Amino acid sequence: MDSLLLGSFPKPSSLTIGGNFWRSKTCGKNYYASSHAPTASWHKRKIQKEHNFLRFKQLSLNHTYKGIKGGCTSQECSRKYVVKAASEQSFESEPQAFDPKSIWVSAKSSLDAFYRFSRPHTVIGTALSIISVSVLAVQKTSDLSPLFFTGVLEAVVAALFMNIYIVGLNQLSDIEIDKINKPYLPLASGEYSFQTGVIIVASFSILSFWLGWIVGSWPLFWALFVSFLLGTAYSINVPLLRWKRFAVLAAMCILAVRAVIVQLAFFLHIQTHVYKRPAVLSKPLIFATAFMSFFSVVIALFKDIPDIEGDKIFGIQSFSVRLGQKKVFWICVLLLEIAYGVALLMGAASPFLWSKIVTVLGHAVLALVLWYRAKSVDLKSKASITSFYMFIWKLFYAEYLLIPLVR
């Protein structure tokens, strides 16, 4: 190809020789040389330009030919360069994927999301209530045996699994409402997908029933089963269910679980399954059930006060929507003060001096603190109302610390 291209045009050496011959032929004729010199010079420049152009084309063809022969065209080379660059970037970024700091941040974020999803105030309340009621079955020091602690642990873990199922199902059913009322929850904020929520809820319900079954305690298993039914009926949006839409049914669901099932079923779990004693309804157990009935109604009513905006939009007919926030707020405060008044009378009637002192003083202090805090709440501020609601849960925890001391 090289010889073919070059053979088609004169080479620079022949042009030079031709030029000398033309000049020697005309050197003696001055008139002829001067009249035709510009024309010869123009032809020479034209031929030189064509020659340069063809040499450039030849070099380009040679480069392409060598590239094809060597197995790499310009496009292929560019492609290889891109692949190489991408590979280098992937290897450079690979150490970042295993950066301990980023892994720790990711794990911390996941734990925080699950913490909020589990509604920790309900988890603490469930654990404390089961432990407190279990202690009511203790009659002597020797009852505080490894068998007792194992039985309590079994009940607490199974109940916490069911608690996460119930609060998780409620969030799955209330995603749109929670975007208004509780946008910090993982499902409402988008941190969890709906599928992730379903997997978590289903997994914890299965774990709860599995543990309740292998323990072999019928009071424990029935406590889990009834809680499952009521928690599902409360939240799930199917015909005849989603009882949270109706104020009375919603309150009854919470009262049944928090006041009746927790007190009776978990007490009987320790009394009959762990200690193998006959079922009895002791005075402290009756007091705990009655007192927590008041408390459960208060929680059922008060929890809707901060959520009135979203409940109105989505047609949830809570007492706060129907009666107004202020009225429901003071109803809740008065119900708790009545409960504390009954507890004072109960403590004063105790035959044990230590129980009398602790229960009377303890409930008197709680009643005074409640009244003081209630007067400082700004009912126009959602943050203030929510803070007071969490304070009610702290009173709930404090009561379960006092219940085992009622004798």
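Placed from the backbone N, Cα and C atoms, the Cβ positions cover glycine too.
Straight from TrEMBL, the features:
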- 123-141: transmembrane segment (TRANSMEM)
- 147-172: transmembrane segment (TRANSMEM)
- 192-214: transmembrane segment (TRANSMEM)
- 220-240: transmembrane segment (TRANSMEM)
- 247-270: transmembrane segment (TRANSMEM)
- 285-302: transmembrane segment (TRANSMEM)
- 328-346: transmembrane segment (TRANSMEM)
- 352-372: transmembrane segment (TRANSMEM)
- 384-403: transmembrane segment (TRANSMEM)
Folded-back contacts onto the transmembrane segment (247-270), same chain, C-beta under 8 angstroms, at least six residues removed: 125-126, 129-130, 133-134, 136-137, 148, 151-152, 155, 159, 217, 219-220, 222-223, 226-227, 230-231, 233-234, 279, 285, 288-289, 292-293, 295-297, 299-301, 317-319, 322
Cβ-Cβ under 8 Å with the transmembrane segment (352-372): same-chain residues at least 6 beyond its ends: 333, 336-337, 340-341, 343-344, 346, 395, 398-399, 402, 405-407
Dominant neighbour of the transmembrane segment (220-240) in 147-172, 192-214, 328-346, by Cβ pairs under 8 Å: 147-172
Interface present between the transmembrane segment (328-346) and the transmembrane segment (285-302) (three or more C-beta pairs under 8 A): yes
Same-chain residues at least 6 beyond the ends of the transmembrane segment (147-172) whose Cβ lies under 8 Å from its Cβ atoms: 117-119, 122-123, 126-127, 130-131, 134, 138, 178, 185-188, 194, 197-198, 200-201, 204-205, 207-208, 211-212, 215, 217, 220, 223-224, 227-228, 231-232, 234-236, 244, 266, 269-270, 273-275
Distant-in-sequence neighbours of the transmembrane segment (328-346), which means Cβ under 8 A and at least six residues beyond its ends: 287, 290-291, 294-295, 297-298, 301-302, 304-305, 319-320, 359-360, 363-364, 366-367, 370-371, 374, 377, 379, 385, 392, 395, 402, 406
Beyond the flanks of the transmembrane segment (123-141) by 6 or more, those residues with Cβ under 8 Å of it: 148, 151-152, 155-156, 159-160, 163-164, 258, 262-263, 266-267, 269-271, 274-275, 277, 282, 284-285, 288, 292, 393, 396-397, 400-401, 403-404
Other parts of the chain folded back onto the transmembrane segment (192-214), taken as Cβ under 8 Å at six or more residues beyond its ends: 113-114, 117, 154, 157-159, 161-162, 164-165, 168-169, 171-172, 175, 186, 220-221, 224-225, 228
